[in-house]
Amino acid sequence: MAGFKRGYDGKIAGLYDLDKTLGRGHFAVVKLARHVFTGEKVAVKVIDKTKLDTLATGHLFQEVRCMKLVQHPNIVRLYEVIDTQTKLYLILELGDGGDMFDYIMKHEEGLNEDLAKKYFAQIVHAISYCHKLHVVHRDLKPENVVFFEKQGLVKLTDFGFSNKFQPGKKLTTSCGSLAYSAPEILLGDEYDAPAVDIWSLGVILFMLVCGQPPFQEANDSETLTMIMDCKYTVPPRVSAGCRDLITRMLQRDPKRRASLEEIESHPWLQGVDPSPATKYNIPLVSYKNLSEEEHNSIIQRMVLGDIADRDAIVEALETNRYNHITATYFLLAERILREKQEKEIQTRSASPSNIKAQFRQSWPTKIDVPQDLEDDLTATPLSHATVPQSPARAGDSVLNGHRSKGLCDPAKKDELPELAGPALSTVPPASLKPAASGRKCLFRVEEDEEEDEEDKKPVSLSTQVVLRRKPSVTNRLTSRKSAPVLNQIFEEGESDDEFDMDENLPPKLSRLKMNIASPGTVHKRYHRRKSQGRGSSCSSSETSDDDSESRRRLDKDSGLAYSWHRRDSSEGPPGSEGDGGGQSKPSGGGGVDKASPGEQGTGGSGQGGSGGTPSGTAGSSRRCAGPDSSSSSPASAAPRGAELVQSLKLVSLCLGSQLHGAKYILDPQKALLSSVKVQERSTWKMCISAPGPGPSADLDPVRTKKLRNNVLQLPLCEKTISVNIQRSRKEGLLCASSPASCCHVI
């Protein structure tokens, strides 16, 4: 203890930082302090021993002994005792809600009985615990009951007049406060220890429900007279049960007063938890309440913090010391328990409405697909392409208010083919029907203009395979209306500096999920996007009629061909060079012209771009091929709409091929489709158009089906490709009805 015996100079031996004063007494002052090692706030009762006489000194050490003895969740905990030559420091648990007297004074007519019952039951529970240990408080009053708002508890404090008693043996010391003291103490007679606390409990309950003390007159003499005569008036608003309990406790004759057992079993106190504190272990009354892992973790932190070695810590705990070692241990332990309790409360209090609010805030930029939604999808996702489920979105209630149309009618699920292993069998277009309107949709923007067009009848489409990827963090300022909905690949955690990686290592593809979307749902998405617009360079009046006609021909044959163009990460922004030539490349690079096929603009840098299209009339940036656009390639018969499935599955083929060390995405010797231009591995762009007849129409169906199945069996690698999907020249199958509806996926 030699290290602790320093004078008071704002700090206690460097162990506590003292702050403002919380209260003062005759011989003591209570200060707010911070435990230096743990950072926890505590209350420090500083007692000046030079002002104490022999009797007061005896009471002081009696208080310390009693507080060491009583360790209860409804009693303020004593952490440490620091004794110096002139002062005694008691390190106590800090209450955050003030005392009960101030709380009662804020309610002139008292608390409602339900709340009063809750607090009074906790006080009775604490006093009952003390009496079982043969400790009498002798100074029960609202000023010595402290609120702990974060824990929802009240706790007893100030055991300065407490003492040990033996059952059947009376005490003689007169102590306490006049307005709350029992008549026998004021008379100076011998008294039964538990009975004086029962009287004080009656006064506290009266104040809780009435808002004022039962015995309070103009002066102490009149107050003493009222106490001796036991005269008080209970307001008529107090219930009969509460009135009866008060009367049972405020009895002039101690032998007629109710015992603690009778109080606890009184009808008015039934139906209330006597101590909610028993549900938690804060404050921790024993180190044995901790798990072995938590116990060892705390000891390890103390050893590393040079508080003491392991043997000294264990010895201090086992001998129930009240020194800095045990104080540090219990403060650390209570922090762990408090954090655990807060997590449990947050988990229980997480309501669906709160989850919805968080979901809406993140809607415009990041669209998460909870794992629970897999049952609502018409295709079983690949085992390696899952999305981790967030606890905030674990419930089905997350979807309420955000989805109103479905991907698949549950009644139609039985019509889907069985999936065996990782392979996905080809689903014929006729096997899927438009989604039912009552089913919830996976992605839907809640906007009024979208709701107005939901009554449009969907047109049957072929089955489409959709790859979704979360958006890059660099695109978080994208407006809601321009947020991608379908046929897109999103990436989570993508940053701009990832594109500076080696060309053989494209940016990391974090998570992919393959699902089959309902044709009706797809059609509705594109129809709504027509009304929203996407900042296009094509007016909606130019193509609206043709687009409507193309939607009516969706079930007819469509010409599809597949062309692949290399696109480097250094590619410039749209319209950076050329006369409205759209997306361009620096001189010498493989530029790609994004003008429409019919109005080919200056592609990239013109003569410098090895991959650019021949220059022609200047076109607008990001132009789409309209139905009336002319084409240099003759149109002819093409594969059915089901070939659209194959086109998107080629994306998986490219992903799978990234696993191999070959230089090319597709082996030139084994390419099945002559329309697939073999390029070196890099970031890729896919265009679906109908420039002319494709030899894919003559492919062997068996080989084609085998190719599809093999594509879906290829595992996805940790790399990515960039896919740009453009609609066909005549059909507009992948686009909205508005002219500038290219689905740019970067």
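For all residues, glycine too, the Cβ spot is worked out from N, Cα and C.
Per Swiss-Prot, the candidate among LYS41, LYS45 that belongs to the ATP site alongside LEU22, GLY23, ARG24, GLY25, HIS26, PHE27, ALA28, VAL29, VAL30 is LYS45. For the annotation phosphoserine, the record in Swiss-Prot points to SER495 among the listed residues SER479, SER495, SER621, SER630. Per Swiss-Prot, the phosphoserine annotation among the candidates SER265, SER362, SER383, SER558 falls on SER362. Each residue in the domain 'UBA' (291-334) has a pLDDT score, and their mean in this model is 85. For ASP139 (active site, proton acceptor), the same-chain residues lying six or more positions away in sequence with a CB closer than 8 A to its CB are ASP158, PHE159, GLY160, PHE161, SER162, CYS175, GLY176, SER177, TYR180, SER200.
Across the domain 'UBA' (291-334), DSSP classifies residues as 33 helix, 0 strand, 11 coil. DSSP assigns THR173 (phosphothreonine) to coil in the three-state reduction, outside any helix or strand.
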